[in-house]
Amino acid sequence: MKRKMLKSKIHRATVTGADLHYEGSITIDSELMKQADILPYEAVDIWNVTYGTRFQTYAIEGQPGSGVICINGAAARMVSKGDMVIIASWIDIDADKAAAYEPKLVFVDDKNVPTTQKSENPGQGSLRNAI
């Protein structure tokens, strides 16, 4: 049996743009993608912290070090520049490995510069305890 687990997330990134007329996707600074282990064209969920909307799209690489987080295509109607979002990717893993699995978490500042990168371990000083 497989379990769907959080593979990685870019936590509380700031949307730098929204391009309604682009084909679709989310453009993410390629350095952030590498840190979060997100590949080009990989499916990602976007959770808009500012407005509570959620949608799925796919990632494309933006200029490294630019901090770009740009929502493209129809999903551009679901965000505004300056909104705070969480970008999540998923993995299917064997059930017997799920309990020990730890996702990659990339925390960024308001310019989308990474501040920390860590794994989340519930119950041991993780985000779960902070909520």
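Note that Cβ sites are derived from N, Cα and C of the backbone, with glycine treated the same way.
What Swiss-Prot records for this protein:
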MOD_RES   SER25  pyruvic acid (Ser)
ACT_SITE  SER25  active site, schiff-base intermediate with substrate
BINDING   THR57, GLY73, ALA74, ALA75  substrate binding site
ACT_SITE  TYR58  active site, proton donor
REGION    112-131  region 'Disordered'
COMPBIAS  113-131  compositional bias 'Polar residues'
Spatial neighbour of TYR58 (active site, proton donor) that is closest, considering only the recorded positions SER25, ALA74, ALA75 and their CA atoms: SER25
Cβ packing number for GLY73 (substrate binding site), 10 Å threshold: 16
Distance, SER25 (pyruvic acid (Ser)) to THR57 (substrate binding site) (CA atoms, angstrom): 5
The residue listed as 'active site, proton donor': tally of other CB atoms within 10 A of its CB: 15
Long-range Cβ environment of the residue listed as 'pyruvic acid (Ser)', under 8 Å and at least 6 residues apart: THR57, TYR58, ALA59, ILE60, ASN72, GLY73
Secondary structure at SER25 (pyruvic acid (Ser)), reduced by DSSP to three states: coil
For substrate, whose listed binding residues are THR57, GLY73, ALA74, ALA75, the greatest C-alpha pairwise distance in Å: 10
Number of Cβ atoms other than its own within 10 Å, given for ALA74 (substrate binding site): 13
CB contacts for ALA75 (substrate binding site) [other CB atoms within 10 A, all chains]: 20
Other C-beta atoms that fall within 10 angstroms of the C-beta of THR57 (substrate binding site): 19
THR57, GLY73, ALA74, ALA75 excluded, remaining Cβ within 8 Å of their centroid (substrate): GLY24, SER25, ILE26, PHE55, ILE71, ASN72, ALA76, MET78
